[in-house]
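Participant: Pulled the feature table from TrEMBL, pasting it below:
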- A:1-22: signal peptide (SIGNAL)
- A:54-156: domain 'Cytochrome c' (DOMAIN)
- A:Cys76, A:Cys79, A:His80: heme c 1 binding site (BINDING)
- A:208-333: domain 'Cytochrome c' (DOMAIN)
- A:Cys221, A:Cys224, A:His225: heme c 2 binding site (BINDING)
- A:235-257: region 'Disordered' (REGION)
- A:247-257: compositional bias 'Basic and acidic residues' (COMPBIAS)
Amino acid sequence: MNKRYWLVLLLFGAVLACSKKAAELPDKIFETFKRPSNFPEPAYHFNTNAITEAKFELGRKLFYEPRLSRNNTISCGSCHIQTAGFTHHGHDVSHGVDDRLGSRNSPAIMNLAWGKSFFWDGGVTDLDLQPIVPINNPVEMDESIDNIITKLKEHPQYPGLFKRAFGSEEIDTDRIMKALSQFMVMLVSANSKYDKVMRKENNEQFSEAEARGYALFKTSCAGCHKEPLFTDESYRDNGIGAGPNDDPGRHGVTRQEEDRYKFKVPSLRNTAYTAPYMHDGRFLNLDAVLEHYAELVKNTPNLDPLLKQGATPGIPLTTAQRSNLLAFLKTLNDEQFVRDPRFAETY
Amino acid sequence: MKRITTFSTFALLTMLSFASCKKDNDTIPPASDELVPLSIEFDNIVGGQNLQLNTGSYKNAAGEFFSVNILQYFISNISLKKADGTVYTIPQDSSYFLIRESDPATRFAKVKVPEGEYTSLTFVLGVDSLRHTMDLSQRKGVLDPAGGMEDGMYWGWTMGYIFFKLEGTSPSAPVDPAGIRKFRYHIGGYGSPSFNNIKTITIDLNAGGIAKARKGREANIHLMVDISKFFTGTETISIEQWPMVMLHEYSIKMADNYASMFRHDHTEN
């Protein structure tokens, strides 16, 4: 009898030895990445970076970590503010370390799990390699990854957090980038009124103006701003003309003349939070954007063919049509996303 | 008897509890005991002079004087051929080397090959396109994109490794914002989305001495890498005209030149 008792104990011990430290009951149940039913399959390589709560949380901490910059002043979240749809609201271009000015408008960080390329020029095609660019950029964070690794190793919390996420205290480029990617791919914005209408949630319906705007959108805008992400991720010259800094756009990556002044088509989601617009933030509001397309498109050498269909370049839009389009664009705002506490700095 | 049974059950259970915790990493060790070490030495020179960082003074084919501050380049995808035509390709994961003039230890690319006599050596100057798009977990060591800015060998904004980096000063170069007459050549480009400057170089070892890879020895294939060839060959490069070339079309001509820098001097067997 005694011996049998021993055996049971031993067996129990064997099981315990293998299970990871039994987790304390979490306050909230962690929701991993979920594809919204009206979205396509994501593009991110989850097979090499499966989402876990510990990695996601480490990623969030790193996203808001000013130690990623040379003088510990600028974090990713400095120029990608949640309440601004993860852009730098009110800034045409952003200021980085020592208030040095960048040259492009901070893009919205959302639905990156579906992103096939990143930045206005699409120079990076693997999300894991994206953070290296702003970190190294002298006008953004002006820091080297090696220095960051040194700082994180000396930090009282990070070695433990890396151990919790990856199984050991080792901190390297791969782990930092994988954790940051986890936070970024989880930033899914798919709860706008548009999404609810498409998913037939709660019997949500477009108003008359929104429905007219949607119909017009489908014929006049969807050629570039493809649903449901509202970008086809192509590079196009939309006839705004070069700005004062003569940013060559996609040409900087491909060095092909036909790519000069082309920029990646941005999503139209969350525009209520992400002004100003365009790669250099030149349009302060959506009225100015629509005015551009209706009246001010320049016949530039690489102007997109979709903007050259009429007698004059652009998309003819009456006042009523603009107002309907604006009504539709408002249905793409996802308030839940910009208020989601899981994505906030102080969670 | 009963005691023995209990004891063996105990032992078995203990063993099981350990076995069940073991990670599945007991892969069969590669047959490395059949492989022997071999090194390839990249000895940087400029024409008739040994390359000396900062202090050495050289003249290029365009007649311009120059000194070198930084010279580093990637060597990868090494393979060796025997006289009978059989080729041994070094497993790719062990076949990336960053040669840096500032660190003498990096001048040797150390590999392991089966025993035999090798008559020809092939390698890539640069990093193959496939590795450029691999998961970060397969890009550690010299391939870690974290390399840094000054001596880094990675362009973050276009995800490309810099294959060849040569920087120095020359009275022919214009004064830069820091007040220095510098030239800077950072050559890369793996074909996507711009041009391809990956160069595969094959060197015949017969004239300089074949490499005899044997147990207990480390044959060393001693190559001379002549930087003066970077400035001439397909194109004679003028520092005055081209003080800075990075991801630019002109780099294609520079890459055509640098493919011919390598010469086999001798082999130490």
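Even glycines carry a Cβ here, placed using N, Cα and C.
TrEMBL annotations: computationally assigned, not manually curated.
Describe the structural context of each listed feature in the structure shown, including burial, neighbouring residues and relevant distances.
Facilitator: Averaged across the domain 'Cytochrome c' (A:54-156), the predicted model reaches a pLDDT of 93.
In the three-state DSSP scheme, A:Cys76 (heme c 1 binding site) is classed as helix. Close to A:Cys76 (heme c 1 binding site) in the fold, though at least 6 residues off in sequence, lie A:Leu62, A:Phe63, A:Tyr64, A:Glu65, A:Leu68, A:Pro131, A:Pro134, A:Leu180, each with a CB less than 8 Å from its CB.
Within 10 Å of the C-beta atom of A:His225 (heme c 2 binding site) sit 19 other C-beta atoms, taking all shown protein chains into account. Mapped onto three states, the DSSP output places A:His225 (heme c 2 binding site) in coil.
Secondary structure of the region 'Disordered' (A:235-257) per DSSP, as helix, strand and coil residue counts: 5 helix, 4 strand, 14 coil.
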Participant: In the structure shown, with every protein chain counted, which of the binding-site residues A:Cys79, A:Cys221, A:Cys224 has the densest set of Cβ atoms within 10 angstroms of its Cβ?
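Facilitator: Output for this query is A:Cys79.
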Participant: Provide the number of Cβ atoms within 10 Å of the Cβ of A:His80 (heme c 1 binding site), excluding the reference atom itself.
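Facilitator: I count 23 other Cβ atoms within 10 Å of it.
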Participant: In the same chain, outside A:Cys221, A:Cys224, A:His225, whose C-beta lies within 8 angstroms of the Cβ mean position for the heme c 2 site?
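Facilitator: Counting only non-site residues, the set is A:Phe217, A:Ser220, A:Ala222, A:Gly223, A:Lys226, A:Phe230, A:Thr231, A:Asp232, A:Val265, A:Leu268.
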Participant: Determine which residues of the same chain, besides A:Cys76, A:Cys79, A:His80, have their CB within 8 A of the center of the CB atoms at the recorded heme c 1 site, and list them by sequence.
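Facilitator: So the additional residues around the site are A:Phe63, A:Ser75, A:Gly77, A:Ser78, A:Ile81, A:Phe86, A:His88, A:Ser106, A:Ile109, A:Pro134.
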